[in-house]
Amino acid sequence: MELAASIFASLDEPEAFDYNTLMRGHASGGRDLAAALRLYVAMLEAGVVPDNYTFPFVLKACAQLAASQQGRQLQGHVVKLRLQRDEHVQNSLISFYGKCGDADTARLVFDRMDADERTTASRSALLASYTRAGLWAQCIESFGAMVREGWRPDESSMVSSLSACAHLGAYDVGRSVHGALLRNATTLNTVMATSLVDMYAKCGSIEKAAAVFDAAEHKNAWTYSAMVSGLVLHGDGRKALQVFDAMVREGHAPDAVVYVGVLNACSRAGLLDDGLRCFDRMRLEHKVLPNTQHYGCMVDLMARAGRLDDALALIGSMPTGPTDTAWRCLLNACRIHGDLELAGRALRELRRLGAANAGDYVIVADMNARAKNWDAAAALRTEAADRGLAQAPGFSAVKVRGEVHLFVSQDMSHPRTRDIYEMLHQMEWQLRFDGYRLDTSELALDVDEEEKRRVVAAHSQKLAMAFGLLSTPEGAPVRIVTNLRISKECHAYSALISEIFGREIVVRDRNRFHRFRRVVCTCRNYW
């Protein structure tokens, strides 16, 4: 670039082509984005009129600099020069607004294009805008429209749609994208293979994720990282460590992101010694400096294993100082091990950091309620309400024939409510025949046992499960998503239902997947 700039400086009257060439050099790979913008200003000051090849380079620089105001000014220049109908300029504007997080304006630019002006590239830029803004449903909807209108999606479009499927758990759509890939390509490149591994894992099918991973001819660090994270999500810590070891043997240097997955694997599977060894290996062998996420994983690992004092000492020794993540990990472990005193301290620290949320208050309040400290439990719930901390209502959802059905506890609003409760009664009758009794020990309510059993019997997850069993073909898996942490009672219930009805029950709670097959869950009862 230094030589290119010196040659450019020697030109007596550089033209638009010369400016464009040097701007492209500065913008490529993010070499010197500010220099690209300065060159554009110099171009205007020299009286050289920008053309349709100028703006893609300058808008790319603005996008990478998040220079929203300058990019909008460039759009004004585009209109003044009557270049707003140029395909390359339009696509660059969509991409610019998308990378600046303004998906609405990106969509506005796209909608202002005539039908014959829209290309695969413009649609791909719009999909990327939606994924960056976290508008997953809009991304899938636009991808479907693209296919219905006869456009052949490119790699970027498919990566965006697979990312949206992964976040929404849209297994059927993701599988369709995979099918389209197989029809249009003999082999999958590394980017597509990594996206498929991530999508299948997050949609609950770790076997398909593993099949894509094993079949991939070329794997990079991101591919291994996606597989490790997927196995963590499904509770297979041992397998995650094996994949990590294979990654190191293949010569891929693990980074901080990969080690977050590895330490999470040890925490979720209760592999205390392996986790301690990986933490040392990260620092000493691979020279990765631990960040707050790594310390949070280690606190979670120690605390879940019952070493609460060691976890507390580690929080105190964190170089960055204690974080809300570390205290929240300790709080969750206190719930598991029933340490009410330490749970109270963790909540006080979270309040001191200004990071306490409704869920933190609920954990400690419920622990007090189970200890029959009703006044303390009520005081905590009142304090949370006074602080304006409202917990989102618990729900469970099941997808049947492309439609999502949402349930809350004691739900009576579904059109098939009578059928669902009849199915629920049949399920409970079968369980009682096998000697199962409802477990109300985790229900922190000051009511009699009969009322507790009534509440537990119509839990949102059980209603979703009953509807799923009613509405899906015999032998098909039932896939449930819930925003709750799965309880011991629902866990045992789901395991037995999977055996009695001969179904695979897949439950994604707010932390991970639980897959029940013939009484056995993939978490091995450690979660």
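Placed from the backbone N, Cα and C atoms, the Cβ positions cover glycine too.
Remember, TrEMBL labels are computer predictions, not curated facts.
What you are looking at is a predicted structure, and each value in this text was computed from that prediction instead of being measured.
As given in TrEMBL:
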- 15-50: repeat 'PPR' (REPEAT)
- 119-153: repeat 'PPR' (REPEAT)
- 220-254: repeat 'PPR' (REPEAT)
- 255-289: repeat 'PPR' (REPEAT)
- 435-527: domain 'DYW' (DOMAIN)
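Across the domain 'DYW' (435-527), DSSP assigns 34 helix, 16 strand, 43 coil. In the predicted model, the repeat 'PPR' (255-289) shows an average pLDDT of 94. Each residue in the repeat 'PPR' (255-289) gets a DSSP state, and the totals come to 27 helix, 0 strand, 8 coil. Mapped onto DSSP classes, the repeat 'PPR' (119-153) shows 26 helix, 0 strand, 9 coil. Here the repeat 'PPR' (15-50) is broken down by DSSP into helix, strand and coil counts: 28 helix, 0 strand, 8 coil. Taken residue by residue, the repeat 'PPR' (220-254) breaks down under DSSP into 26 helix, 0 strand, 9 coil.
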